[in-house]
Structures are given as C-alpha cells and as structure tokens.
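Pulled from TrEMBL, these are the features on record:
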BINDING   His163, His212, His279, His461  Fe cation binding site
Amino acid sequence: MSWQKAIANPAREFNKTPLTVISGAIPDTLRGTLYRNGPARLNRGKQRVGHLFDGDGAILGINFTAEGANATYKYVQTEGYIAESQAEKYLFPNYGMTAPGAFWNNATKPVKNCANISVLALSDRLLALWEGGVPHSLDLATLETIGTDNLQNTLNDLSFSAHPKVDAATGEIFNFGISPGKETTLNIYKSDATGKITKKKEVSLPGLPLMHDFALAGDYLVFVISPVRVNVLPVLLGRKSYSDAMEWKPQLGTQIWIFDRHELSLVSQGETDPWYQWHHTNGYVNSDGNIVIEFVRYEDFKTNQYLKEVATGNTKTSAKGTLWQAIINPQTAKVSETQQLLDRHCEFPMLAPQDVGQSWRYTYLSTHRDNVDISQELLTAIARFDRQTGNLSFTDLGANMYPSEPIYVSQPNNPDSGWLLTVVYDGERDLSEIRVYNSDRLEEEPVCSLALPSVIPPSFHGTWKNQS
Ligand SMILES: [Fe+2]
C-alpha cells in the first residue's frame, strides 16, 4: 500500500504536454478530451487540511488527437486559493476545518469554495463544480480560470452541486443546490444545454442534511436524503467544522422526495430505512410505472470519517459501501423493495452518458482487489457490473496501483461498445498514467497506457467531451 505518497505533497501543475506511449496505441476513433477534478493540495507548509474534501481543486485535461495525446493540469484559481497562496497559509474555514485564529474568523469568513469535486463540459467552457457554492468556469483548452460563473446571470450566487444530470436526448441539465439558513432551502434547477437556468424551484428542508447527489429517473428527479444533519450552532461559533458537526441520526430514516422533471413540482415524499449514500448510478421508470434507482449504500456515516483519515495519510476506519437498487412508487414515494446487487465494496458508479435517466445494462465502478483490508486502502480496481446477468468483470492492475473513477466513452459508430478511461497512480514508481481499456474486456491488458508528466493525486469525478 503506497497511496499516501500521492498526497504527501501538493500536486505540481503543468501546461500542455505531449504524452509518451507506455504501451499499446491510442484507438483511431478516440477523439476528444477527458477532464477530471480532485483535491490536489492538502497542505500549506506544516498546516494540513482537516478532510480530503478540503483540498484545493485542480483540473486534469487529457486531449486525444490524431497526432497523439497531450495533457494539461491546472489549479482552479478560486478567490480562496489565490488569497491563501499569497499569504502562504490557510485562511478560511472549510468542510472539515475551522479557520485558524479567533472564532470570528469563522463567523465572518465564508467557507472556501474549493472547486474540487467534479466538472461539467459545456460547448464553450468547462465548469469546475463544488457543492457549497457557484461553479468556476475555465477555458476548455488551456484550463485557465475565467472566474466564478453564474450561468448567464441565472444562478444568483446560489450553490450548484457537483452531480448535475444531463439528458443526452434533450440536452437539458438538472441539478440542485442547498442554501443553509434559518430554514434550509433546496433549490432545484433545470438548465438548457448552455447551462442557463430555465426553471427553478425552492423547497424547504427539515434541518441541514448532507446532500451530494440525486437521480434522474424518466420523468422524475429523485432525492434520497440520508439521516445526517449538521448541528449548526458549533459551526457558527467556530468550534466545529461542518464535517465534525454532522450527526448520524438513524431514527430519522431516509427521506425520499420525488419531483416532476418538467415542472420541478414536488410529487411525493416518503421515508424508508436509514442508510447513507454519496452516489447514485442512475434511475429509470420500469414497465410497472415504478422508479428504479441504483446507488452505493453504506449502513452508516463512517465513510466520512474514513475520508477524513485519508487526508492524514493514515486510515483505520472500515466503511464498506455496496451496490444497491431500490424500487419506489412515484405517487407515494414508498419504497417497495430494496436489494443488494453486489456484496463488494465499491464507489463512483458510472454509466454510458446516453443512458442517464433511462434503463441501462452496465454499471462501471471503482472497487478493490481481492483480499485487501479496505480500512487501509484506496480503491484498487475498476469493474463492469452487468445488471442483466449479475456478472462482475474487473481489472486487477496489481499491487500499489490506484485507478480513478472509470469514465465511459462510446465508440463513435457503435455506442454499445466503448472504452473506459482511468487515471492510475503507480505507488511503486511514484508516477501517474492514463489508461484506456476496452469496456467489455477489462480482464485484458489496456488498449493503451500513456505516461503523465507528474503525479496526479486521487481525484473525485470527471467527464468526457467529444471532439467538436
Ligand atoms: Fe461525488
């Protein structure tokens, strides 16, 4: 196990650099750009962040062309990152840390927008997303930060979460944002393909829950609200960070809120057993008219403690998340069935972008090699789960290899066949590379593997943009 080395020092950014082929060849029809986002700096001098989510975001762009591939890696120039770079110390409160100094630093300074969770590629710009604030827009080619982005003056500085759902057929983009306050507001957005919000809905939520993702399922938007609530007072007083003030309250159950995707109106509310999830794979409406959602379920909120420990380089908490499915009546939000699909720790469930909101067959995910202690390791394998047969095929990269979330790219003339792109940290050699696998032959060697100029620390989420 050697993932710690990848986060021991701040990642080194680089301008556009041609990539050397380590093995194989870039497929002739793979043309476009992979973008990934993740926390790239976890310390300033001797100061260390409090949680993995506190790291400043950096964007990796890997462009595949007829002449070969090149990569660019840049920190998002957020206001907080610029101020802290100049001061050469941390100044702001964050998800998992209070601001250094007197308590009023926390009361008067906003939580730093780290722009570190995911990306959304629009036709004219790339958005770096963070769930507690507005997106930052970047140049698609150079990854230079343009600035904060209010989606053509339609977002009004509200939060725009990091898991938007794009309907590939209509180009519509669905997303949400949480506004804490005396009452918590859930803002739900529908945007056109340019990102401009065309419809918005405000709903009051009980307490301040942690909501990271949702599902688009046919005509519905499904919000699964796990029983985590922030105890706000210690946060306001600067005594605790948001993360440390989150309380697991299983007695509240998991709330299910269903909205109509066209009107954004609330259709139904229900409650089911307590569980926690960061991520949904997808959702759809089955032939009975019921909603089916797939997600990675944890039995409690220990996953947050594990991710806090990752930032220290020393983990001890075991937090197993497994793939589940739930069937929900949209009219009542009653969960009629829950089923564990796979009894294996996994995260980052993905699917082909053209299947978002519809029935799909293959779920791609990150998992681990056989016989590893998940309390000590990061995810060490990528896999394909066949929802039709229940089969799992996966690639074992060997010891000390850490692949990122796999991103599916369709072959241009055959959308049912594609590639999986993963950025791999090689802990043995302290190097990073980009690998391309055939999505239906994960047990085979990658189609190609290319060396990256510097170490890319473990990242969260990414996307693929076809060459236009
Ligand atoms: Fe996420």
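In case you wondered, yes, glycine gets a Cβ from its N, Cα and C as well.
TrEMBL: automatically predicted annotations, no manual curation.
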With every protein chain in view, what's the tally of Cβ atoms within 10 Å of the Cβ of His212 (Fe cation binding site), excluding that atom itself?
16
Centre the Cβ atoms of His163, His212, His279, His461, go out 8 Å, and tell me which other residues of that chain have a Cβ in range of the Fe cation site.
Ile117, Ser118, Ala162, Asp213, Trp278, His280, Phe460
Can you name the residues of this chain that are 6 or more positions from His461 (Fe cation binding site) yet have a C-beta less than 8 Å from its C-beta?
Arg36, Asn37, Gly38, Ile117, Ser118, Val119, Ala162, His163, Phe348, Glu405
If you draw a 10 Å sphere on the Cβ of His163 (Fe cation binding site), how many other Cβ atoms land inside?
21
Using DSSP and collapsing to three states, where does His461 (Fe cation binding site) fall: helix, strand or coil?
strand
So if I measure Cβ to Cβ from His279 (Fe cation binding site) and keep only same-chain residues at least 6 apart in sequence, which ones fall under 8 Å?
His163, His212, Asp213, Phe295, Val296, Glu347, Phe348, Pro349
